[in-house]
């Protein structure tokens, strides 16, 4: 529904045609969604049909239950019937999806120690077996701990005394909190470890390992030790903590060698099944000691993904006119759900729960309720019956789930908010805020649903893709190539209050809104990619969706450090230091009608770190090399003056991690090339991508000044080597490939950026450029230490180099006789901070220049578009600009167009006004001279409805001018480009619409003009007395214009009917992401005006008959 698309109600994907023309070709075929619903009955395997009806996981007494009876549930919706399992003879093997912990009492285990206290930390792993059974594994016996260096003179005799003192200090500190049921410190042990920060040359030193009773005691224990704890005979030394800021789950996974989403095995006889007094709704619930858990690395057969159950859902609300739905007052009228078993091609479940009767939908089960309370409880019971592992949808995190929970609370449906897998644990809503320089501030909500993974596709797209608009319609068109009907929230109430057929139409629409996120999840491989990223980095799946980047590197660092007896210190950061970034070789701007070879350093920053052994563990402090007596060939001095020992002295942790990641990626790519199974290919592709991203993020981890372990010396040394290598590559290429050395021409590096150089070898064919590019890459690589390697990547021909970070060209990579694509970097063709007209014009101009090799045609086309703009012939959908509302109006330093418009819209209609985090669509309208641009922003629909004039001069000067000059100056010359494009006859004719509201119109009187000569007439007729002889001719002309408008409107109407999947129902779509919507609105208004004009001719006279 439209009311939940508030995360960016901006304009959509740029249309295929510039200049506002109607799409005569390539019209979308009628929607097949409703027909596809009928496939449900054909996609279930025979064995599912033969299974006996299984036992429904009954809700906890007093918490859930309700209106969704077992008779309403198709047996195929439930999990497979649980087979008999004997823990004494059969192992339990499952893929874990989520790991968390709680504090409780642990039941006794075979061969395990008896619990010594009532409250102990217990880890909880939720997962799925190969047969599809849901599992909850309670893992006991693991306690939180951290390290600290032993003070000078500290011996074994001080251990008990320090433990007593620390216990007493923690007990005093925790007096105001929960009372401890036993000692806070379980043990303190002496051990030999070494800090990973810096090379000291003395090897391991004495450390204390402090084990605590509960994870929540880590913070106070660390603080008290930093302040100082009395040790008899040693005074009150201060203790520096190591690994005290590591999450309890990460600590356990590192120690147990468990990675995210891998397969766990519980050996026979080592675990106990909970048959009674289960704490969760999972089919299998077991207890096991942490040391008995076998973790399988995700390789070979253990790379597979279990048959996870994925649920996608969408809700519809009946809001009041002009007011955004509020859960305290506005009812939930429909909840539609689709279920998919991972690995199967089609959903196995389609369910529409509706308030009031609804006509049947082919291929879907429809259940109707008279009371909203019953509808809500039925969906909650359905969740427990279906038992999804992953829940997805579009904006479910900030709208659907919070609305359902809040609405149930308002209606006092007390048994509703138990949507997780833990018995009696409520699903609560918590506000969350994220802010960064890249994305600004984003407010969101977090809904606890323990045991189920939430994957909101809107949040995924916001994090991973830069789009012009993030409405479901826009992203579906961008990634899936299909549009959807978008119904305004005010119309939804009318459909609900209609009849069974209107409610059926609403249910089909709601089912489509639940179906598209599922399609996006599969098409973008979101689940597979995140599972593989969790496996590669070693963190739980949920961390990837809710946490930042650093935890992924910390996990890998801890694993590698543990094997070598190294510890990670707790570093306090200020975040004030900065360093010089990568080198950009000054571009030789111009239009190159010769092949330009691009040479690229493969994994540049990881390669530098490996080649030069750059790591925390190899860093030498100033003067340390001399103090340690290191020989000159045992350490290096980086271009920034920092020193690191070579791998012959000590192999760094980071280089080892990077080697493992890159070698694993190489293996994954080799397996991918041989694999034929589509599911295995998806997993392998996701794995190689996760390995690549993880390798590249290691450098960013060292450079993050506010982070777990920042190290300016590493990050600035990496960029220093990178700058040096780019410059050396330029020198090597230009010195070898010369006429003196027998080549056809002197090579020239025309541009270099971070990890690549663009070379002009002076040859005329792409094949020759490819050959020389490969030769040059191999020759330059021989001058750098392994594994640094320069590779031939592609050839641009022709190539338009505009400035730093801005260029375009036809890309050849695999074949020399056909280009792969037109590649643009940094140009308005790929940017989203301007109107679609700019992207379309830049793209079409580049296509004429690069593909057609017709610069004159490109100039002529640009002049035509500018003329159309000034004459008001461009469709308004092409002129819409979108900007994200990242802060409140008061927080912006200056006035912003989109912020001011949002405030005005809020005063007009608070319900439909944009909110924080939305992308605000606007156009710039004409106003008095000197009015600031931010005051001229207006809602595109408001502009259409009130015929407000567009400020075409603004679009020419502020939107089109600079992008066009950037493209054409290298071709026409700096002085000539402006005079040819922005001056001349094509800019002299302008058309300005007359506004229907505001301004001087309030003080003027409208008078009729003759349709023929435009002179003022003092009667209601159509023509003056001088044009009366031509009245029939003028009438025919206006009738012809009316017919053309009617035909255009019919074509647009039919196109919208095809999109909505019905050719006999009214079009109610209001998708602002669709250019057809604006065209339809404009033509409807033009039709009304034309009909009024024809009425001035009056009824036909007797002579007409």
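Positions of Cβ are set from backbone N, Cα and C atoms, glycine also.
Quantities reported herein were computed from a predicted structural model and do not represent experimental measurements.
Record features (Swiss-Prot):
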- 1056, 1059, 1069, 1074: [4Fe-4S] cluster binding site (BINDING)
- 572: SUMO2 cross-link (CROSSLNK)
- 19: omega-N-methylarginine (MOD_RES)
- 4-19: motif 'Nuclear localization signal' (MOTIF)
- 1010-1027: zinc finger (ZN_FING)
For the zinc finger (1010-1027), provide the mean pLDDT of the predicted model. 84
Between residue 1059 ([4Fe-4S] cluster binding site) and the residue listed as 'SUMO2 cross-link', what C-alpha distance do you get in Å? 56
The rounded CA-CA distance in Å from residue 1056 ([4Fe-4S] cluster binding site) to residue 572 (SUMO2 cross-link) is 58
If you measure residue 1074 ([4Fe-4S] cluster binding site) to residue 572 (SUMO2 cross-link) at Cα, how many Å is it? 50
With every protein chain in view, how many other Cβ atoms are within 10 Å of the Cβ of residue 1069 ([4Fe-4S] cluster binding site)? 23
Between residue 1069 ([4Fe-4S] cluster binding site) and the residue listed as 'SUMO2 cross-link', how far is it from one CA atom to the other, in Å? 54
Reading the DSSP string in three states, the entry for residue 1059 ([4Fe-4S] cluster binding site) is helix
The zinc finger (1010-1027) resolves under DSSP into 0 helix, 1 strand, 17 coil
How many neighbouring Cβ atoms, not counting its own, are there within 10 Å of the Cβ of residue 1059 ([4Fe-4S] cluster binding site)? 24
Candidates 1056, 1074 (binding-site residues); min other-Cβ count within 10 Å returns 1056
Cβ proximity for residue 572 (SUMO2 cross-link), under 8 A, sequence spacing 6+, ordered by residue number, returns none
